[in-house]
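Input: a single structure, listed below in structure tokens.
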Amino acid sequence: MSEAALVPPALSTNQTEETFNFQQYELLRQDRAAHLGPGITDLASLKERIRSYYAIESLADHLNSHAEYRSITLQFPDDLLFDSALVAEELQALLPDLQCARTDAPAQADTTCSCGTQKTCADSKDSADGRKIWILADTAYSPCCVDEVAAEHVQADVVVHFGDTCLNPVETLPVVYIFGEPYLDRAKVISLFTERYDKDAKVCLMANAPYSRHLESLSGELSQLGYSNLVFTDVALPDTPNAAATILGVSDSHPISHKLYASGDRVYYGAKEQLLCEEQLQSFELFHIGLPPDPRLLFLSTKFQGVTAYDTQKRQIAKGPFPAMMRRYRFMHVARTASTIGILVNTLSLKSTRSLISSLVELIRSCGKKHYMFVVGKPNVAKLANFEPVDVWCVLGCGHGGIVLDHANEFYKPIVTPYELTLALAPELSWTGAWVVDFNTVIDGISADLGLQAGAIPAENVPEFDAVTGKYVGNSRPLRELNHLEIESPQESITTGSTELVKKFSGALTIGSTVSTSAQFLQARQWTGLGSDFNAEDSYEEEGATVEEGLSGVARGYQYDVSNAEHTDADVPKTSGRVMNT
């Protein structure tokens with residue numbers, strides 16, 4: 001047999017090296033007009049706008065002044081992720097020792113280093129000791145928070161956070177915040193503002209962190225048009241900041257304005273020198289530039305008389321739907337009569353997360369309720385639907401964008417905040433309409449509630465009225481009389497079966513004066529498993545299972561479905577007449 005006969009036939013068409021070349025990523029095709037503005041025609045103008053928007057030079061100077069920052073992580077939100085490669089490239093050009101560390105292969109003694117210098121990589125620092133840049137994509141939790149979990153995977157020394165942020169204090173890593181310099185159509189904003197408000201209206205100008213740089217000049221232009229009752233806000237680190245937090249590219253000086261009030265990460269300024277308080281803000285309308293996340297929007301709706309949001313992407317007033325406070329009040333009533341509470345941890349980087357978890361667990365136990373704890377990155381409907389025994393969820397997340405509000409009614413079980421849970425578990429449910437998202441404030445409130453419950457006389461095991469269903473619930477506090485299970489059974493009472501105790505307690509809902517919510521939930525299910533270890537009379541065959549015919553057909557119409565449909569059609573009386581297709 002010849003060698004030609006041993007060659008297998010070709011199973012595909014002719015392929016060359018060009019066939020396997022990946023499609024090149026075209027930078028100019030991305031629509032960056034929303035944040036970089038119009039006028040980008042070539043790669044040079046794009047890089048110049050990138051350097052200005054992300055304050056690359058200021059960032060490089062800050063990193064060069066901290067030689068201890070060797071592993072640098074850049075965190076981008078999803079809407080700015082396509083700029084990450086250009087930002088890393090421009091930053092590398094200003095960090096000389098970093099390029100030597102990223103050399104793909106060791107250079108020879110007679111060659112030039114890939115960084116462009118005349119020194120060889122053999123004479124420079126080892127690549128393991130040089131600086132490295134990492135890009136953090138697909139953050140574990142809300143993009144406004146610093147992703148310490150992802151940064152620890154690469155042993156980061158510093159996190160550079162770009163875009164909108166909540167400025168919540170983090171536990172360990174130093175943080176550098178760069179909001180950016182987004183483009184704003186000022187003429188469009190002023191036109192929509194004048195159409196909506198009268199000149200004597202009391203309006204507060206607020207924006208997401210990147211757009212806050214436009215508020216002072218925008219307030220000055222509106223004042224020239226006759227609006228005299230205006231205040232605006234600017235971003236600032238909270239009163240209890242992280243000592244290693246730094247904001248670059250933002251000036252905190254306002255020479256022509258007066259500081260009126262400070263609350264959280266916002267400082268209020270105005271042209272008139274007067275003092276404001278939280279009660280006086282209730283008389284102001286809020287004009288917000290940029291569509292804030294739902295938790296932030298709900299929080300602002302409790303602080304001002306009304307909220308109007310300007311969508312910077314569509315360049316129009318956002319029309320909703322917006323989250324409502326009435327749904328929060330209903331969810332609190334559900335949590336009041338819930339027997340099992342799921343603590344959903346939606347952040348691990350906030351400074352008071354662990355303290356809040358401990359306080360919530362202590363509060364839930366003191367109220368006689370069961371709890372489970374879950375750590376889920378970016379919770380969705382499918383993830384939480386796997387835990388049916390949970391009656392209500394308590395989400396621990398950032399108040400800016402880490403709280404799941406479910407205003408579209410997609411989740412199977414209600415989701416409440418720690419503050420709402422503390423109100424629901426109080427002896428008397430009373431709510432002033434305030435919506436607190438600060439962890440430290442909630443912890444102080446839980447400590448006060450535990451102090452009141454310690455001196456109170458425990459109530460008897462009486463049913464509790466459910467305001468949602470209008471019925472009485474008898475097992476809302478299953479651990480109210482928590483006793484350890486002690487079983488004493490004499491040897492002579494034990495039969496030959498080794499599962500006698502299981503038989504005795506398998507159908508019981510109360511064991512040792514303690515309500516078993518798991519047993520109650522299991523008995524309420526239509527399907528309880530593939531079989532029983534102790535019930536010998538329940539479809540048990542010693543010689544083996546009988547082979548039975550299973551389902552047949554496709555998923556859209558199994559055989560028994562087809563039979564039922566035919567049977568139903570046969571029962572429907574037929575009518576005479578002609579059907580016209582329109």
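Backbone N, Cα and C define each Cβ position, glycine as well.
Swiss-Prot annotates C145, C166 as [4Fe-4S] cluster-binding residues; of C394, C398, the candidate listed for that same site is C398. Listed in sequence order, T139, T165, C166, N168, T347, S349, L350, C398, H400, G401, G402 are the same-chain residues six or more apart from C145 ([4Fe-4S] cluster binding site) with CB atoms under 8 A from its CB. DSSP gives C145 ([4Fe-4S] cluster binding site) a coil state; it is part of no helix or strand.
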